[in-house]
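**Student:** The structure that follows is given in the form of structure tokens.
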Amino acid sequence: MAFLVLLASLGVFADATAAAAKPPHPFPMGDVGRVQPLPVPVEEALRASPPRVSAFYVRRGGELAWQDRAKVAALVDLLYALGDEGLTPPDYRPARLEREAGGALDASADEAARARFDVLASDTLLRALSHLQRGRLDPRDVYPGWEIPVPPPELDLVAITRALEAGEVDRVLAMARPATEGYDALRRSLARYRNIVRLGGWPTLPERRKSLRPGDVDADVALLRRRLAAIGELEVMAADVAHYPDVALEALAPHHYGAGLVEAVRRFQRRHMLDDDGVVGPRTRAALNVPAAQRLATIRANLERARWLSGAPPEHRVQVDVAGQRIHYRRPDGETWQARIIVGQPGRATPVLHSSITHLTLHPTWTVPPTILREDVLPRVRRDPGYLIDHDMVVLTPSGRRLNPWRIDWWRPGRVILRQRAGPENPLGQLVLRFPNDHLVYLHDTPAQSLFRQSQRALSSGCIRVEGVMALARMLFEDTGTSWNLGALLADGATRNVSLAREVPLMLHYWTARAEAGGLPSFRPDIYDRDPALVAALARPVVR
């Protein structure tokens, strides 16, 4: 009988993630104080194996787990199915398992050969399921500044083993998949794009100086139809049995850029964070011409990011989609509020982190951060010390003593602090939402509301400007039972901090591909150039 007694949690995984270990999962363990020595063949086979595999066999009392060909076949099927999750099946050597099973499970095989094969199969399963749920890579190896803990895997290996015995590979995968919001939708997009790549990708539109506008008649329109057809825009699909055999729709005017095709282009533009004007200009043409294989790699990279964030998010939360440049607030009643945001420009990136909103500052002053002081403000003050007066800034020592800006050598100012008073020109606007973090970033209002109309909004120095932040603040007051009247507090004009009655979880994430259930994926600009390192790391074979 296959492995029915297991380590009480994923203690079998503890070697990889001891720092983030959680309390044991309540599996029956028996009397751990009377562990019997393992059979010699098993002991020998385990010498080069990770501790998690040894722990697995200790809990089984040395009983072998993979001495049935049908069960091995189910394991091999599972390993090949990992390709549907964005992982690489050859990393787990399914062909080697099939090959070695032939000899190890033969009636003439000795105990040592059987034990070696069994340990190999168990190690493979444990590694594969760990990678599926929590990620193949350690995010800190890809991004040294990563600070969100990746918890150890939480898998019911008893149930998984029973499902494998029954040949229910799909159920095993479902049990091991991460609970990250959007993972399943992105996985379905992966299947769509793998098929597109298998069929040869999509056509490339030639470079043109002239934009393609609604109503135009142009030879490029036929290519545009085929390009959009490839991703599933069925209403623009022209008959092409070589590439799309299950669709036989004719375009009545194949070179006319008509209303239906224009609307499909506008949908494409919205999914790619472009101005949705229906005009195929340089930026839209460039997005259309990104190769299908590159889009597929982007989806795989974001599936790995989802595995790093595997736990189910709290129901009541604020989520910042940094690359998507939007904020979502999930209220306790399940209602969702969302708005556009402005995030950090390249070189001044908005960080990825988890925290909690703890309090608000009303009518805030603004203390100029060191990077902005050094790179932006000081050069302007050197040209014109009157800049400080024009922007209602005061100069302070670290102890808070006020200095005369006209008596400072701005080429060697020393440890001065610049602070802008509260007011209509203050870049933080009327309100700041604060949360503990090491990056000194926060969510805030802004007087520059017109910037929210831009499709690309990576414009700040790292903090997050929120369109409609007053509405968000009012909902936070209401949903946390904070008794203050926000309108009255704003009306008196005083600078003050107001604590929320309950902290609200906050998550800042970076997704360059997302998908809604049943919909097409959306691709966002990789504003901080983070995809190449992740794509390259995923392409490297697993080191054993």
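From the backbone N, Cα and C atoms, a Cβ is placed for every residue, glycine too.
Remember, TrEMBL labels are computer predictions, not curated facts.
Checked TrEMBL, it gives:
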ACT_SITE  His444  active site, proton donor/acceptor
ACT_SITE  Cys463  active site, nucleophile
DOMAIN    316-487  domain 'L,D-TPase catalytic'
**Student:** So which of the active-site residues is most packed in, judged by how many other Cβ atoms lie within 10 Å of its Cβ, out of His444, Cys463?
**Tutor:** His444
**Student:** Within the domain 'L,D-TPase catalytic' (316-487), what mean pLDDT does the predicted structure show?
**Tutor:** 94
**Student:** How many whole Å apart are the CA atoms of the residue listed as 'active site, proton donor/acceptor' and Cys463 (active site, nucleophile)?
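**Tutor:** Rounded to the nearest whole number, the Cα-Cα distance is 8 Å.
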**Student:** Three-state secondary structure of His444 (active site, proton donor/acceptor) from DSSP?
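**Tutor:** Looking at the DSSP assignment, His444 (active site, proton donor/acceptor) belongs to a strand.
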